[in-house]
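Only one structure is covered here, and it is reproduced in the block below.
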Amino acid sequence: MADLFTYIVYFSTLLLSVVLIKMGYNKQTLKRNCKGHILFILLALIVLVIVSGLRYNVGADYPGYSFIFTEQPYNDDSLGMEIEYGFVLIVDTLNNIGLEVWTFFTFTAFTTCFLLFYSFRNYKFQLYLGVFFFITYGFYFFSFNAVRQAIAMSALAVAVAFIQERKLFPFLGVILIGGLMHKSLYLFLPLYFVLDKIKLSKYIWYGAFIISLALHFIPMTSIMNISSVFNVLADSQIDYSNFLEDNNSDLSVTGSLTLGYLARVGAGFIILVYYDKLTKLNPNYFPYFTLSLIGIFMYNSFSTIFFIGRINNYFLLFHVFTLAFIIDYLFRSKQKLMANAILLYFLILFFSNIYYSDNGSAPYKFIAF
């Protein structure tokens, strides 16, 4: 359970980052200068990086990453552990310089947040909303735990921006480099050639939504055999060591109606409701809604299967964009009551995540220098 200090730290982080970005990328500023007030954006980035980078024993995988940094077990073949080269390079470099583990968490936090900010470069005015949902939905806390995958997820968001701009080589560069931190990102290499072609009707997505709710209560073992999928990432996922042992029991579990599940189903339904209207108003939103809706289908159907859940986080991250587009639309169309109701909904989810120590985020402690 979180203490008062934890609530203060996280709420201050949310408030400061959102307000600073709003000041840096407001409409008047962007009209005068398309780059906005960069100082405010940098300050918001620093706030997010400090809280993430200077934490102590916060995040479910914090002890594991600290152990790897200090002991470098990937050099010990007896552990049977193969870790991505990008991660090895970062850890080796920081160790060789003589820096401490907090520099690793600070560097990775900066990379994750910088890539997220950069992915909004075509939607700068909505960035403050994107960061709001990045924090309140739980992706910020997720980055405390799945440090390497969080970088890869932000890299995918940048890659989608390059898809929209039809820049193949920058897209390939981001995917290939990002995959050096978490090679699951390589699964998205074909995305460049198919994403802009997927424009399904709202009726198909509504049907998929209903089917996904039904699948939640059906054991995966009665539908398909996916045991071979676990071998795709088995060698590199240091936090997935229990997959091959537990996948049979994992696949035979049926879902339940927990508050956390229902809250995220509700968030998904909000996105589904506005899909048709917003993609007609701005066809550039299609890729973000498509990825977001795929994530909704997978979450509703298979939230009890840990492996699928971790891969699905790539898709769910695009909620950050779609929800930002929705709130921006509601404010511009004078539907402030609905916009504020959705924001309040996510604030409640945010405080709930803190209370239940989502991804080991509570209680919060700063590192002692």
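Including glycine, each Cβ sits where the backbone N, Cα and C put it.
Listed features, source TrEMBL:
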TRANSMEM  6-25  transmembrane segment
TRANSMEM  37-56  transmembrane segment
TRANSMEM  101-120  transmembrane segment
TRANSMEM  127-148  transmembrane segment
TRANSMEM  168-191  transmembrane segment
TRANSMEM  203-233  transmembrane segment
TRANSMEM  253-274  transmembrane segment
TRANSMEM  286-308  transmembrane segment
TRANSMEM  314-331  transmembrane segment
TRANSMEM  338-356  transmembrane segment
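Highest Cβ pair count under 8 Å relative to the transmembrane segment (314-331), across stretches 6-25, 37-56, 101-120, 127-148: 127-148.
Residues of the same chain lying 6 or more positions beyond the ends of the transmembrane segment (127-148) and with a Cβ under 8 Å from any Cβ of it are 10, 13-14, 17-19, 21-22, 25, 41, 44, 48, 52, 55, 58-62, 65, 84, 87, 105, 108-109, 112, 116-117, 120, 181-182, 239, 267, 310, 313, 316-317, 319-321, 323-324, 327-328, 343, 346-347, 349-350, 353, 358-361. With a cut-off of 8 Å between Cβ atoms, the residues of this chain six or more beyond the transmembrane segment (6-25) that come close are 36-41, 43-44, 47-48, 51, 124-125, 127-128, 131-132, 135-136, 140, 350-351, 354, 361-364. The list of residues near the transmembrane segment (101-120) in space but at least 6 beyond its ends in sequence, with Cβ under 8 angstroms from a Cβ of it, reads 41, 45, 48-50, 52-55, 65-66, 69-70, 90-91, 94, 126-127, 130-131, 134, 143, 147-148, 150-151, 153-155, 157-158, 160-161, 320-321, 367.
Same-chain residues lying 6+ beyond the ends of the transmembrane segment (338-356) with a Cβ under 8 Å from its Cβ atoms: 1-2, 6-7, 10, 14, 132-133, 135-138, 141, 259-260, 263, 266-267, 270, 323, 326-327, 330-331, 362. Proximity of distant same-chain residues to the transmembrane segment (253-274), defined by a Cβ-Cβ separation under 8 Å and at least 6 residues beyond the stretch ends, is recorded for 137, 202, 205-206, 209, 213, 216-219, 289, 292-293, 295-296, 299-300, 303-305, 319, 322-323, 325-326, 329, 342, 345-346, 349, 352, 356.
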